[in-house]
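Student: One structure, as structure tokens, below. Some questions next.
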């Protein structure tokens with residue numbers, strides 16, 4: 001049988017070789033280098049009790065939106081409206097908390113403010129997705145439209161109702177609202193308690209220094225964990241990959257391509273809303289400029305994590321490594337005062353380009369050089 | 001003679017003023033390879049797209065096991081047992097063999113999780129049945145040759161219940177050796193005895209090798225039909241060139 005021999009032209013690989021071919025391997029290596037380099041350059045400060053908390057805070061922020069952006073990219077679409085969606089969601093929540101529910105329906109609790117905002121952002125996500133699949137236009141241009149539109153709506157709403165484009169000095173809802181607490185409070189306190197008991201995590205007076213991580217750390221783990229499970233283990237995951245790889249083939253085999261895409265535009269809107277909620281309930285402030293440029297960071301991290309620009313391939317684990325890498329470098333200036341903060345963007349640009357080339361090589365290897 | 005599984009009567013398909021099919025008849029029997037031959041623009045693609053539920057016929061009837069059917073969507077057609085393997089094969093090169101095999105019809109367990117081991121096994125076994133032994137069904141389809149992809153698409157259609165297998169030029173754009181592989185696959189499917197195959201091709205030799213019955217189309221009409229033994233080589237060549245006599249063609253060429 002001619003074909004039977006041909007099937008075995010694919011070389012059998014050892015476990016180690018298979019590991020080295022995993023899509024996450026590049027971003028994992030870069031992450032390791034960054035962690036070691038940063039630990040040395042900051043003389044350990046970036047990974048002491050407070051350094052770790054602050055680093056994780058920004059990594060989790062990036063991680064939440066990059067997960068959404070990556071899963072959408074795997075399905076073959078972009079969302080440039082993520083940053084503006086963050087601003088819009090933050091404005092919506094803060095405004096309801098300060099000025100009450102719309103139409104004079106009374107005081108807003110943190111939970112109500114979040115749910116109403118989420119309903120709006122999911123509706124916008126649905127609208128974006130529907131416009132993209134119905135019109136057949138590039139999601140790049142449709143979501144670019146929403147980037148301006150949502151940012152504009154955010155500013156206009158702020159000025160009309162609040163007379164100023166920022167809200168600060170909201171009461172600290174974390175004390176009385178369980179919901180505000182799980183969004184903006186501390187999590188994994190046991191980790192720092194344990195650290196304290198083991199003799200570390202001390203401030204200058206010898207008391208326990210840091211109480212816990214920001215809640216967004218937990219949300220990032222939850223979102224990334226669920227996204228990983230859905231992508232790699234479920235039917236919907238198979239549909240997402242199939243949609244991004246060859247839309248027509250997926251459709252011919254009965255995959256509801258349009259519903260997959262619309263659902264994922266709603267997922268990025270959800271991620272942006274979670275980002276905003278964690279920020280609002282952590283700091284008790286909001287600002288029309290919040291989330292600016294975040295859509296580009298999200299896409300950059302997705303690519304650094306090994307997601308293909310053309311869709312059909314990518315991994316949530318890789319995006320986790322990408323978020324850690326980019327988050328650490330973004331924060332590095334706080335731990336190494338000697339360096340100019342702008343180096344962060346130089347670095348990001350460089351690894352982004354390197355990642356694009358690496359991803360393209362991976363794609364060619366998988367598709368046999370086509 | 002047994003009842004044809006699929007019968008087409010006076011099928012007409014117009015796109016606005018353009019008549020793509022001007023009354024085509026076709027009978028397809030289980031366990032037979034029915035070759036559909038014709039030049040470019042003869043209406044082969046329109047015919048199979050109508051059978052696959054992509055287009056709705058303007059006039060004429062399609063019968064399955066003697067009963068008239070009307071397909072509104074490709075899903076209707078595949079539910080009725082018509083499996084179409086298009087030229088582009090509808091596979092995703094970056095996905096694994098198994099994920100392609102079950103695309104859109106995944107086996108689900110708890111919470112919509114994939115029963116991956118079971119799916120790997122079925123994909124492997126089904127491919128083996130029609131002649132490809134895949135050691136690793138988790139390898140990406142992109143690593144497979146064109147002939148192997150063809151086999152994957154055929155195995156998939158059969159596994160999901162195709163009684164009529166429509167193969168749209170499965171041997172074009174393949175190397176010589178792979179073409180032979182695909183012809184072997186066609187023969188193996190034929191040998192099962194319960195599946196009718198519609199084999200669309202440009203290639204006279206290929207159709208001779210595997211075909212039981214032929215239908216020739218030209219300009220949207222059936223210009224000839226018959227079994228392998230009924231149609232001689234001369235006749236076949238004449239019909240394949242759209243009905244023009246080879247003699248005429250010779251004269252025309254000589255005149256240039």
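Just so you know, the numbers here start at 1 and follow the chain as drawn.
Just so you know, glycine gets a Cβ as well, placed from its N, Cα and C.
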Student: Please identify the range among A:25-44, A:85-104 that TrEMBL labels transmembrane segment.
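Tutor: So the range that TrEMBL calls transmembrane segment is A:25-44.
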Student: I'm validating the feature mapping. Which of A:56-75, A:116-135 is tagged transmembrane segment in TrEMBL?
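Tutor: That would be A:56-75, the stretch labelled transmembrane segment in TrEMBL.
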Student: Take the C-beta pairs under 8 A between the transmembrane segment (A:262-281) and each of A:56-75, A:178-198, A:218-241, A:293-309, A:342-358. Which stretch has the highest count?
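Tutor: Looking at each of A:56-75, A:178-198, A:218-241, A:293-309, A:342-358 in turn, the most contacts to the transmembrane segment (A:262-281) are made by A:56-75.
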Student: For the transmembrane segment (A:218-241), I need the partner stretch with the highest count of C-beta pairs below 8 angstroms, choosing only from A:25-44, A:56-75, A:178-198, A:342-358.
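Tutor: Maximum Cβ contact count belongs to A:56-75.
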Student: Hey, which of A:25-44, A:293-309, A:342-358 has the most Cβ-Cβ pairs under 8 Å against the transmembrane segment (A:56-75)?
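Tutor: Looking only at A:25-44, A:293-309, A:342-358, the most contacts with the transmembrane segment (A:56-75) come from A:293-309.
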Student: For the transmembrane segment (A:342-358), what are the same-chain contacts with Cβ under 8 Å, counting residues 6+ beyond its ends?
Tutor: 26-27, 30, 300, 303-306, 309, 325-326, 329-330, 332-333
